[in-house]
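S.K.: According to TrEMBL, the record shows the following:
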- 1-121: domain 'Phosphatidic acid phosphatase type 2/haloperoxidase' (DOMAIN)
- 52-69: transmembrane segment (TRANSMEM)
- 75-94: transmembrane segment (TRANSMEM)
- 106-123: transmembrane segment (TRANSMEM)
- 129-150: transmembrane segment (TRANSMEM)
- 162-179: transmembrane segment (TRANSMEM)
Amino acid sequence: MTLLLAFCDYLGNAVKDLVSAPRPCSPPVRRVTATEDEKENAMEYGLPSSHALNTVCLMGYMLHYVLTYGPCDGFMIATGLSLAFMLVTLIGIARVYLGMHSLTDVIAGISFGIVILAFWLVVHDHVDAFVVSGQNVTFFWASLSLVMCFAYPRPEFPTPSFEFHTAFNGVAFGIVYGVQQTYTRFHGPEAPLILSHQLPLLAYAGRVLVGIPTILAVKSCSKALSKWLLPVMCSTLGIPTVSSCYVPALKPSDIGGGSGNKDEAKQAGGYLQRVFSLFPQKAYDVDTGIRFVQYAGLAWSVVDLVPVIFTHLNL
């Protein structure tokens, strides 16, 4: 499901920035944004609606999972389809009511979601088998993540869509790397179920109290480490970089330097800098790498580090 949502996030945001269709004009439309996150989301383009797209894929995949592995009769199918249809409809109405999308955006999001869900239901077993028992999984997924960071359209005006995609891209890589390493130990069919005799309520509460702070600590440490390490690595390799927010010293307004600095960079960069000079982009935003690493670290800790800690604490 995490990989499906990462796929949805990439395709939905890529189409948004490729089409660059604006949200409904405000005014005359009154846009309701109660939090800073919602205000940031409002800076994205409108078509398709990511909420509608993701809801279709999430509910459709959950319904598929329940009907495949649980009791499946006419009543269950009718109930599941009704709940999924109701939630998708309510999400679509809410996006229009809040002034975040037009009806066309919502219909496009639902349509994209149906197509992506249909495709995923065909390939998800193959993806699952590859992640669990394939060869060179980590190398392949790292390469795919890198390609997805570069194979992304440049919008007419800057939006946070690429930042959201980078974060989810990191989560997908962290999940794949962690599960591939620890599937047989922690994530197989014999894994204990919540509130079963193997994992009673007290043990589950202990997992929450230990696991959540650990995950947040790993995310914070990953961010701090990458903020220090990535600029140093790029500088050593001669890769030109800027930073939009994470590294103040690399903000575009602070980067100028004399010809001496440029000569030193050329000497240090050597072959790699000549390679990067062939690309049209003059400098690369190091924040992309920092964001990817911190969310990859977060996801890896969920499926690898935290289960190991639970084992040592008998949780």
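Quick reminder: no glycine exception, Cβ is built from N, Cα and C everywhere.
Could you place these features in context, so I can see how deep they sit and what lies close by?
M.R.: Helix, strand and coil content of the domain 'Phosphatidic acid phosphatase type 2/haloperoxidase' (1-121), in residues and according to DSSP, is 87 helix, 0 strand, 34 coil.
Below 8 angstroms of C-beta separation, residues 49, 51-52, 55-56, 59-60, 63, 66-67, 106, 109-110 of the same chain, each at least six residues beyond the ends of the transmembrane segment (75-94), sit close to that stretch.
The list of residues near the transmembrane segment (129-150) in space but at least 6 beyond its ends in sequence, with Cβ under 8 angstroms from a Cβ of it, reads 3, 10, 165-166, 169-170, 172-173, 176-177, 179-180, 183, 288, 292.
Panel annotation: around the transmembrane segment (162-179), residues 2-3, 5-6, 9-10, 13-14, 17, 131-132, 137-138, 141-142, 145, 148-149, 152, 187, 287-288, 291-305 of the same chain, lying at least six beyond its termini, place a Cβ under 8 Å from a Cβ of the stretch.
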